Amino acid sequence: MSFKFNFQVDEDENDNGNNNEQNNEESKLDISEFDSSSKMDELPSKYIDLRNNLSSLLSNVETEIVTFSSNNKLKKLVKPFKGNQDNNNDNNVNSNDKNDNNNNNNNNNKDYEKLLDKTDLIPGVYEGGFKLWECSIDIINYLFEEKIDLSGKKVLEIGCGHGLPGIYCLLNGSIVTFQDYNEEVIYNLTQPNVLINGGDINRAKYISGDWKFVDQLLKNEKFDIILTSDTLYNVGSFKKLYNLISNHLESNGKCYLASKTYYFGVGGGIRKFEELLKILNRLSIKTVRDIKDGLSNVREVVEITNKIN
């Protein structure tokens, strides 16, 4: 698979003294079960610009309606765009390099298009961003039904994929940063979905890459609301997700996480994530909604906040 890029993040820039002190304390705890980052490749993180000519590409695109609470609706692409953003960015490449780049792009496109029909996750390569996961709708329903104030809020959607929860926030006045593991998901799915729903592109940013490097890239940036759904299937990634939430949630902010209570067969789920939060003792977690609709295993929406010292 050709989904690894040589972008580097200066780790020295992430020099929050409090975080270093907390990390030193946490290093004394046995949380190896929740942190397998050393055992797999991790995609570096970077900000993603808006795709070239995106508006014109959307003129003949096929969309479908996703319905949530009280018959409210959002749009999404029926299928992600095909092709690679790099194909649109070769104007400043000399002819010899162009031949090499075209060969690389062809290989990238073949690998990318194999993933469009992929239903399984490939750790370190593809994290399921092209699929619309049911818990993302659970989050939208919760935000709508509980009338969560979104106007002017800074929002981070972790593992966004289609980006519908973030788009809902964007349409309700938030400033949203969308994050997904694969930049191909951002270019070919998230950004198009933002535009077809009429989202303000000037109030949206996009980041790709592994959570470890996203944490570093964001430096000391804080968010009023953090959203994430169906991201608890891999216990070995829990510590990175925990760090991302803990380091970037405003002191009085709230994280809404939607997940299955248990992911049978893989060991993940909300109960397991609660174990890590209890060990590290920096965040509080409470269930704010149970979903037992018979469509899948029991699902929950939980609210995560900073503990009051």
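Glycine is no exception: its Cβ is also placed from the backbone N, Cα and C atoms.
Source: prediction; values computed, not measured.
The S-adenosyl-L-methionine site in Swiss-Prot is built from Leu132, Trp133, Glu134, Cys135, Ser136, Gln179, Asp180, Tyr181, Gly209, Asp210, Trp211, Ser229 plus one of Gly159, Gly253, Gly265, Gly267, namely Gly159.
Sequence-distant neighbours of Ser136 (S-adenosyl-L-methionine binding site): residues of the same chain at least 6 apart with a C-beta under 8 Å from its C-beta are Gly161, His162, Leu164, Pro165, Ser229, Asp230, Ala258. Summarising the S-adenosyl-L-methionine site geometry, the residues cited as binding it (Leu132, Trp133, Glu134, Cys135, Ser136, Gly159, Gln179, Asp180, Tyr181, Gly209, Asp210, Trp211, Ser229) extend over a maximum Cα to Cα distance of 23 Å. Neighbour counts were taken at the CB atom with a 10 A radius for the binding-site residues Glu134, Asp210; the maximum falls on Asp210.
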